[in-house]
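Lifted from TrEMBL, the feature list:
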type     : residues : note
DOMAIN   : 31-126   : domain 'Cytochrome oxidase subunit II transmembrane region profile'
DOMAIN   : 127-275  : domain 'Cytochrome oxidase subunit II copper A binding'
DOMAIN   : 295-374  : domain 'Cytochrome c'
SIGNAL   : 1-24     : signal peptide
TRANSMEM : 51-77    : transmembrane segment
TRANSMEM : 98-120   : transmembrane segment
């Protein structure tokens with residue numbers, strides 16, 4: 001008896017512990033709630049409409065399911081052979097045929113009208129207050145403010161979780177390790193910032209492979225396709241942080257390509273624009289500046305870690321044949337022009353895409369770093385920003 005009570009107590013504790021932990025854990029800011037059974041809380045009217053149409057269609061389908069299978073199972077049970085029933089023999093019924101043609105037609109039209117209205121509204125990107133271009137890269141997003149307040153601002157947005165935290169490395173040689181929290185793998189270094197109550201048009205494309213810009217709370221999901229420009233829009237109704245991710249499998253780091261949209265009040269957004277423009281102005285560098293090799297390589301190590309290490313590995317060993325090693329590479333050890341051309345233009349038929357979105361200084365730094373790291377030591381082992389600028393014009 002005591003043994004059975006102990007068993008019941010252990011089972012009850014094991015089942016209740018996860019529930020208690022879930023209740024004790026706060027909801028993720030801008031993400032799903034704990035024990036969420038429904039769609040993400042909407043932050044735009046279109047997202048709210050999507051949730052409504054989802055529920056509306058689901059209840060119609062549920063009613064049809066119950067009616068059809070209810071009648072079918074009742075008929076099977078009520079007229080079963082064991083009760084002496086015999087099957088009826090008939091060939092057609094004009095009234096029934098008309099009914100099962102007209103009724104489904106009315107149901108489909110009733111479902112299609114609100115859905116079509118919503119799709120048309122989603123495609124109306126006219127009269128936008130702000131236009132932002134979102135470009136998908138492996139594996140980050142680039143944002144360019146094309147029109148409206150903030151025009152001229154451009155930056156890259158990448159996962160800010162340290163690589164050692166992703167790989168769960170916790171040893172003396174790990175350069176940076178961060179404890180995992182509720183937003184683990186969902187934080188970025190530069191979120192997309194927009195004002196509340198303003199219509200934001202997002203022009204979406206990609207630089208390499210197909211990506212998909214998806215933020216559930218905003219009701220937005222649009223594929224980013226190389227060589228094509230698609231657009232969508234949203235108007236957030238309340239300030240906050242809204243999280244999403246690339247929703248199209250785009251390579252080995254697809255899981256590490258989050259999207260963060262920060263919606264600010266108009267005053268806060270105006271202050272952010274002013275501060276961002278000051279930062280961009282201060283960060284502008286003279287491409288004709290001659291850098292010291294050590295300083296250039298040190299900066300290149302950081303650029304490599306955020307843009308190249310996921311494929312070519314921190315050790316430069318790569319993952320052949322898809323991602324070739326840079327350690328001892330004939331391209332890295334060869335003439336500078338060859339490596340510059342590949343970095344700026346990519347290489348057709350391979351996973352190597354163009355990195356022309358990086359600045360002249362960043363490209364010079366990362367090339368200099370690769371030509372001096374892991375035992376690489378070619379004769380022309382330093383590339384200056386001016387050489388990158390000249391190569392762009394070729």
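For all residues, glycine too, the Cβ spot is worked out from N, Cα and C.
Same-chain residues lying 6 or more positions outside the transmembrane segment (51-77) and placing a CB less than 8 Å from one of its CB atoms are 38-39, 42, 107, 110-111, 114-115, 118. Residues of the domain 'Cytochrome oxidase subunit II transmembrane region profile' (31-126) grouped by DSSP class, helix first, strand second and coil last, total 66 helix, 0 strand, 30 coil.
Helix first, then strand, then coil: DSSP counts for the domain 'Cytochrome oxidase subunit II copper A binding' (127-275) stand at 20 helix, 63 strand, 66 coil. Sequence-distant contacts of the transmembrane segment (98-120), counting only residues of its own chain at least 6 positions beyond either end whose CB sits under 8 Å from a CB of the stretch, comprise 46, 49-50, 53, 56-57, 60, 64. Averaged over the domain 'Cytochrome c' (295-374), the predicted model reaches a pLDDT of 87.
Across the range of the domain 'Cytochrome c' (295-374), the DSSP-based residue counts are 42 helix, 2 strand, 36 coil.
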